[in-house]
Amino acid sequence: MKLSMPRFDQAPVLVVGDVMLDRYWHGATSRISPEAPVPVVRVEQHEDRPGGAANVALNIAALGAQALLVGVTGRDEAADSLANSLKAAGVDARFQRIDSQPTIVKLRVMSRHQQLLRVDFEEPFRTDAAALAVDVESLLAKVKVLVLSDYGKGALQNHQVLIQAARARNIPVLADPKGKDFAIYRGASLITPNLSEFETIVGRCADEAELVAKGQELMSELDLGALLVTRGEHGMTLLRHGQPALHLPARAREVFDVTGAGDTVISTLAAALAAGEELPSAVGLANLAAGIVVGKLGTAAISAPELRRAVQREQGSERGVLGLEQLLLAIEDARAHGEKIVFTNGCFDILHAGHVTYLEQARAQGDRLIVGVNDDASVTRLKGVGRPINSVDRRMAVLAGLGAVDWVVSFAEDTPERLLEQVRPDVLVKGGDYGVEQVVGAQIVKAYGGEVRVLGLVENSSTTAIVEKIRQKG
């Protein structure tokens with residue numbers, strides 16, 4: 001799936017749901033308490049982060065989209081901390097504050113990046129559902145997507161009023177569901193349960209086929225536009241009416257903490273859809289975002305630059321013509337998997353059998369082959385007027401179609417030395433009958449410990465000779 005970064009700055013999203021404060025106490029542990037067999041934590045640092053629906057809004061704002069938030073809090077220090085954090089992040093938060101109840105707080109005691117204890121300060125909110133609905137309806141005209149972030153804490157009490165109000169304005173409704181009754185989300189455009197939540201409703205699924213069948217049945221029963229089941233290390237599955245299931249593998253490189261991963265999925269989905277992305281592309285972006293956030297500790301947001309880098313990395317993982325930035329990310333990923341990078345370069349004006357044989361031999365020197373291609377101006381300087389015969393785009397497209405070639409990139413200079421300094425291949429390969437020291441860029445590669453190898457060329461195979469022969473016959 002080809003992904004691109006949306007224009008998030010043109011994506012207003014309204015989030016409604018259970019806001020909470022995620023509070024972290026960090027400290028050192030060096031002894032066991034004499035009072036009970038538990039570690040003693042000497043608190044050295046504390047931090048507050050928006051959680052629940054507030055984290056969804058924070059993620060949307062971090063992507064550069066416009067985030068509006070409606071939720072319920074107490075009238076206390078925790079609510080003030082939430083409001084200040086959200087304002088600093090650019091979230092337009094509208095809280096219904098209740099004097100008689102505390103803001104929901106999840107306190108986590110941490111030591112050496114490990115969670116030792118979680119303490120919850122909460123009681124279900126008794127909200128004025130009608131007043132909250134009025135607040136939501138007054139904001140719908142300003143947004144392109146509505147998100148219901150439901151943690152079952154009481155902020156959302158009349159889901160259908162909100163869903164129908166949005167549908168009347170043709171505004172998509174995304175819901176992150178909780179509980180044992182998904183009927184309250186009837187008519188939503190998309191719901192995003194995790195596998196455990198999904199199986200609580202439909203029963204255990206023995207395999208993907210059963211998951212798809214039960215999901216399609218649930219969609220029809222509840223008049224849902226689509227269903228996205230997040231499946232942890234197995235990725236996620238998107239179901240739509242009349243379309244085959246779309247299974248996306250997990251993209252996490254390292255997993256430190258799954259806290260807030262569901263928030264990241266629905267926030268990225270909402271922002272992407274509000275920016276005009278089609279649903280499959282939005283799901284692809286959400287999958288990448290989830291892979292990033294589980295590599296962070298605690299409740300965390302991802303930024304637009306982080307997601308853009310992941311998109312570029314995803315594009316770079318595919319074979320073909322790449323820009324330099326995408327190529328460097330692809331190389332980084334390949335090296336993370338222990339792959340050896342081989343580089344060669346040339347004009348490749350008219351591809352012939354000698355080129356193909358040479359590139360196959362070059363590919364055999366490692367795991368990934370990069371071909372650097374002179375752009376049109378540099379070919380003219382090197383080969384003279386009338387060259388190249390084929391433009392750089394055409395030359396790169398042909399090279400990218402060869403099985404031996406992984407990535408193709410162009411360069412504007414007469415030699416690839418500047419490109420070599422950035423790519424830093426493990427092996428530099430050149431065809432010819434000269435010594436290693438005569439290879440352009442050899443000193444650069446050898447200076448950082450790389451290898452330089454010279455391969456023999458196929459006899460009677462020359463682009464210049466082919467061009468001359470064509471001219472003589474023409």
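Each Cβ is built from the backbone N, Cα and C atoms, and glycine gets one as well.
Look at Swiss-Prot and you will find ASP263 tagged as active site, backed by sequence analysis. What Swiss-Prot lists as ATP binding site is ASN194, LEU195, SER196, GLU197. If you look up Swiss-Prot, you'll see 1-318 marked as region 'Ribokinase'. Marked as region 'Cytidylyltransferase' by Swiss-Prot: 343-474.
Taking the features listed in Swiss-Prot, we show where each one sits on the structure.
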{"residue": "ASN194", "record": "ATP binding site", "contacts (Cβ under 8 Å, 6+ apart)": "VAL229, THR230, ARG231, GLY232, GLY262"}
{"residue": "LEU195", "record": "ATP binding site", "contacts (Cβ under 8 Å, 6+ apart)": "CYS205, VAL229, THR230, ARG231, GLY232, HIS234"}
{"residue": "SER196", "record": "ATP binding site", "contacts (Cβ under 8 Å, 6+ apart)": "none"}
{"residue": "GLU197", "record": "ATP binding site", "contacts (Cβ under 8 Å, 6+ apart)": "PRO177, LYS178"}
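Secondary structure of the region 'Cytidylyltransferase' (343-474) per DSSP, as helix, strand and coil residue counts: 55 helix, 26 strand, 51 coil. Cβ neighbour count for ASP263 (active site): 30 (other Cβ atoms within 10 Å of its Cβ, all protein chains included). DSSP assigns ASN194 (ATP binding site) to a strand. The average pLDDT for the region 'Cytidylyltransferase' (343-474) in the predicted structure is 88. What surrounds the ATP site, by Cβ distance within 8 Å of the Cβ centroid and not counting ASN194, LEU195, SER196, GLU197, is the set PRO193, PHE198, GLU199, THR200, VAL229, THR230, ARG231 from the same chain.
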